[in-house]
Each structure stands twice: as C-alpha cells, then as structure tokens.
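K.L.:
Shown below is the structure under consideration.
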Amino acid sequence: MRVVLLGPPGAGKGTQAQIIAGRLGAPAISTGDIFRANVSGKTELGLQAKSYMDAGDLVPDEITVAMVKDRLAQTDAKGGFLLDGFPRTIAQAEQLRDSLRELGHGLDCVLEMVVDEDELVRRLSGRRVLVDGEWAQRDDDKPETVRHRLQVYREQTAPLSGWYETEGLLTRIDAIGAVEEVTERAMDALAACGGTRPDGPDAG
Ligand code: ADP
C-alpha cells in the first residue's frame, strides 16, 4: 500500500509509522528523521536544512521534494511505503501526486491522526529522544519552538486535510489512547481504504 500519515507534531506519527510499516511490510519514510540524520552527519543537505529546523520552520519545498523523490526511487519503496511528515504543504502534495502518477501509481490512503492542541503541547514538552546514547530534548521541542511548529502546522499543513478529502483519500482517526489502540484504529482505517485488513489473512 501507498500511505501518507498526516497529523500535527506530537500526534504520534513516528511511533505509529514504525509499527504500521512493520505490519504492511513496507518502509516507513520519515522526512524529519532523514533531515536529522543529515544534520548529525553534517552533510550538505543537513547544512541546508538545519537553520529551518531549529527555528521550527519548514525546510523549503524544493529541497524536501528532491529528497523524497530520491528516497521513493529506492528499491524497498517500489511496492509501497508509509510516509511520515511528508507532504506538509499543498505544493508538496501536488508534486507527490505528479511523481507517483508518472510511475503509474497513486496513494491508497491518507490517515489523519487527530489530537487536540493542549494534549500536543503536553506531549511535545515532555518528549525526550536518544541523542548519542543519552536522553535529551530535541532542539525544536523547546516550548517556544513547539508553539511555532503548531502554528506552522495550522497554517501550512492542516489545509492538506481538506485537500485530501476532496481527492477522496482521507480517513481521520482518534490518536488519543494507548499506542496499541491507536494502531488498531489505524489498521482498521487502512482496511477500509484497501478493502481488507492489510495485515489480515488475505494480505499480499
Ligand atoms: P514533528 O512532526 O514532530 O514536527 P518531524 O520530525 O516530522 O517533526 O520534522 C522536524 C522538522 O523537520 C520540521 O519542523 C521541519 O523543519 C523539517 N521537516 C520535516 N518534514 C518536512 C517537510 N515535509 N517539509 C518541510 N520541512 C520538513
């Protein structure tokens, strides 16, 4: 399946993307993770992206789209993928649609993970990640940057929800609750897009 996970920072996209991708047997592709790996590795791409990320702004579409196209061209993504954190603007969504179309493909499903904003701020402010073997706060999880990222989400990414709804691809799921509960909701939603539970007995 070709799936996009949509939802604000802190909705749990990364966590669910890993689990769902495992069940689908397709790679989870997180643009945030790819950018962070490039920042740590001090690559050209990382240097280009870093200032935007630290400020909580989006990396320009041009840079991001080129990176995703390269990633989707790799062998493991040929049969399906789960995108986490991309697209984040209507322009990115249009370019994704066009490049899939060139390959004769389209998305099967866009899952929007819905969480209210108070809960998001709570989750992001308390989030810790492993950096070089130690638990640390991500630079862009500082309270003032969190607020800015939520504003960027509202302004630039939230409109994608209506856009994908018009395309007939959108399903919303409640992303509050235990990780396993949210996974079950997601798998049921994917079943509704694809006809059967993609991890069920008829999978494949
Ligand atoms: P979160 O969903 O928690 O905000 P991500 O790990 O998805 O975090 O992204 C972290 C940062 O990486 C973003 O704030 C942004 O600067 C950059 N980024 C990730 N994906 C994109 C994208 N599709 N377009 C532009 N910038 C992106």
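Quick reminder: no glycine exception, Cβ is built from N, Cα and C everywhere.
Automatic, uncurated: that is what TrEMBL annotation is.
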K.L.:
Figure out which of Arg101, Arg147, Arg149 sits with Thr31, Arg36, Asp57, Leu58, Val59, Gly85, Phe86, Pro87, Arg88, Gln92, Arg138 in the AMP site per TrEMBL.
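P.N.:
Only hit among Arg101, Arg147, Arg149 in TrEMBL's AMP site, alongside Thr31, Arg36, Asp57, Leu58, Val59, Gly85, Phe86, Pro87, Arg88, Gln92, Arg138: Arg149.
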K.L.:
Kindly point out which candidate in Arg71, Arg97, Arg127 is recorded by TrEMBL as part of the ATP site with Gly10, Ala11, Gly12, Lys13, Gly14, Thr15, Gly177.
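P.N.:
The candidate from Arg71, Arg97, Arg127 that TrEMBL ties to ATP along with Gly10, Ala11, Gly12, Lys13, Gly14, Thr15, Gly177 is Arg127.
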K.L.:
Could you tell me the C-alpha distance between Arg138 (AMP binding site) and Gly177 (ATP binding site) in angstrom, no decimals?
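P.N.:
The separation of the Cα atoms works out to 24 Å.
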K.L.:
Looking only at Thr15, Thr31, the binding-site residues on record, which one has the least crowded Cβ, with the fewest other Cβ atoms within 10 Å?
P.N.:
Thr15
K.L.:
Averaging the per-residue pLDDT over the region 'NMP' (30-59), what integer do you get?
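P.N.:
PLDDT averaged over the stretch: 95.
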K.L.:
Which of the binding-site residues listed here (Gly10, Ala11, Gly12) have a Cα atom within 10 Å of the Cα of Arg88 (AMP binding site)?
P.N.:
none
